[in-house]
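Participant: Quick one: structure below, then a few questions.
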Amino acid sequence: MNKKQVIRKLEEIAIYMEIKGENPFKISAYRKAAAALENDARAMDEMEDLTKIKGIGKGTAEVISEFLVTGDSVVLQALQQEIPATLMSLLKIPGLGGKKIAKLYDELGIESIADLKVACEAQEVQKLAGFGAKTEEKLLSGIAQLELRAERHAIWEIEPIVKKINEWLSTSEDVQQYAVAGSYRRVNETSKDVDFIVATSAPQALKERLLATLDIHEVVAAGDTKVSVVLTDNYMPVDFRFVALQEYATALHHFTGSKEHNVRMRQIAKARGEKISEYGVELVDGTMKTFTSEAAFFHHFDLPNIPPALRVGHEEFERTNFEQLIQHKHIVSDLHMHTTWSDGANSIAQMGDALQQRGYTHAVITDHSQFLRVANGLTPERLDEQRMEIEKYNQAQQNFRLFAGTEMDILPDGTLDFSDDVLQRLDFVIASIHSSFNQSQQEIMARLHNALSNPYVHMIAHPTGRIIEKREGYQVDMPQLVAWAKEYGKILELNANPYRLDLCEAHLRLAMEADVPVAINTDAHAIEQLDYMPLGVQYAQKAWVKTDLVVNTWTREQFETFINRQK
């Protein structure tokens, strides 16, 4: 477990205790321990004696150590057994925290969102002290929003589940090849369910092991070639399709879709007197041709290997500039990430080493600025200290360099969180909005213009502030933002975090039309989040983002030339 994961577990314990009605001092101890870890600039493996950290006592130190060694805690396990798991789902509703959930549970016996909806509609909730009619209305509105989203799952909900299943399949016997398919593979922002295609020589044995191993809420179907389940995790529907190895490529293509893409492919085949199915391609003479890869399948029809993200049924057959399309192999840097100096889980050295393991030539450390106190943002003095640590790390490297940067807040009044004197001491400056999202478009655009017109700012991060399926973001005039980025020679970010994917596809297309450079960044707060990069690249492909306009493909020398223009 890294530091961020431990912090989340401590906060989870505090919420469970709040629901249970534990002693407030006990609850506070876990919250203080979480805050103490958040505010400590060291990674977990750099903390020798946890009890010497202000805010962490002997009891919480033991729990933290247990998490680090086993990945779990006896304290958390006991709470999970006492408190119905469905109660935690109430946290998804805006305005509900541990104390209010405890009151609903104790006084009305509410254990789930469905229970809460019934109680609100019966006007029982407004009778409770601390709630009232307006609160009840807001709760019903929150439930309605959840129900609207329930039919489809956001990409950030699916991503960790796909990761878990991939890990399980990678170690499973009898699995020859496997991949996620469907709309998730096409990098759609939402999906109804998750599809896996698995090539196996022993489908029955694999099915039995799958049903016995995965954390399954409900088995919908369990046939010889298809298993449909609903996982306990987010009640996610998942289909597993078992195929013979020789059918794998065409099955993967078929179940990746989209429907429109598959229709066009069948039309192309029909014009040649052939038929496409999930089992292969039936040739004119009636024989079934199979393929070793999707690339070979497309080649059979004289087509390039069309990336899943582009399989929409029209552009991929009409455009020819595939060689210009961004690919993960082109990426040599990541320009936005956080360390233990602010709200990250890993140290500068740990992030640097992890970046080198991923084959990068350079990267930028961009911890939060002082305005974001909740994220332990850096003051100018701490920023100077951090620059020294980055330089010390660089002195021990040969073919890799970390640049010193910041993710600086654009304040509500439009001013920047650091003065120009501070900014000019840095290698790379990101400006972003984290506050006052409800301002008018005129106010938001004035803030963004202030940042773009500053000679020391290089990039605008997550330009709309959206969270997929949770928050629309602030009001941005995107054509104007792109025009300003072009005018001032700035970079716009595609934030590859699955919660964000911001710039969205439509906005990326605007940037490409204007020849405005974009940076695909992970905004990693932990080493494992550096692996968001492939998702970001695949999402960029949806907008036909060109390699030469992606800053992360530039050599270190090209990047240095760009950032030194104003110095």
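Every residue, even glycine, has its Cβ placed from backbone N, Cα and C.
Those TrEMBL annotations? Automatic predictions, nothing curated.
What TrEMBL shows for this protein is this:
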- 1-312: domain 'DNA-directed DNA polymerase X' (DOMAIN)
- 48-67: domain 'Helix-hairpin-helix DNA-binding motif class 1' (DOMAIN)
- 88-107: domain 'Helix-hairpin-helix DNA-binding motif class 1' (DOMAIN)
- 123-142: domain 'Helix-hairpin-helix DNA-binding motif class 1' (DOMAIN)
- 333-412: domain 'Polymerase/histidinol phosphatase N-terminal' (DOMAIN)
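Structural setting of the listed features?
Facilitator: In this model, the domain 'Helix-hairpin-helix DNA-binding motif class 1' (48-67) carries an average pLDDT of 92.
If you look at the domain 'Helix-hairpin-helix DNA-binding motif class 1' (88-107), the same-chain residues 6 or more away from its ends with a CB under 8 A from one of its CBs are 14-21, 27, 113, 116, 119, 125, 128-131, 135, 138-139, 142-143, 146.
Within the chain carrying the domain 'Helix-hairpin-helix DNA-binding motif class 1' (123-142), a Cβ under 8 angstroms from the stretch's Cβ atoms is held by residues 93-96, 100, 103-104, 107-108, 116-117, all 6 or more beyond its ends.
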Participant: Which residue counts does DSSP give the domain 'Helix-hairpin-helix DNA-binding motif class 1' (123-142) for helix, strand and coil?
Facilitator: 13 helix, 0 strand, 7 coil
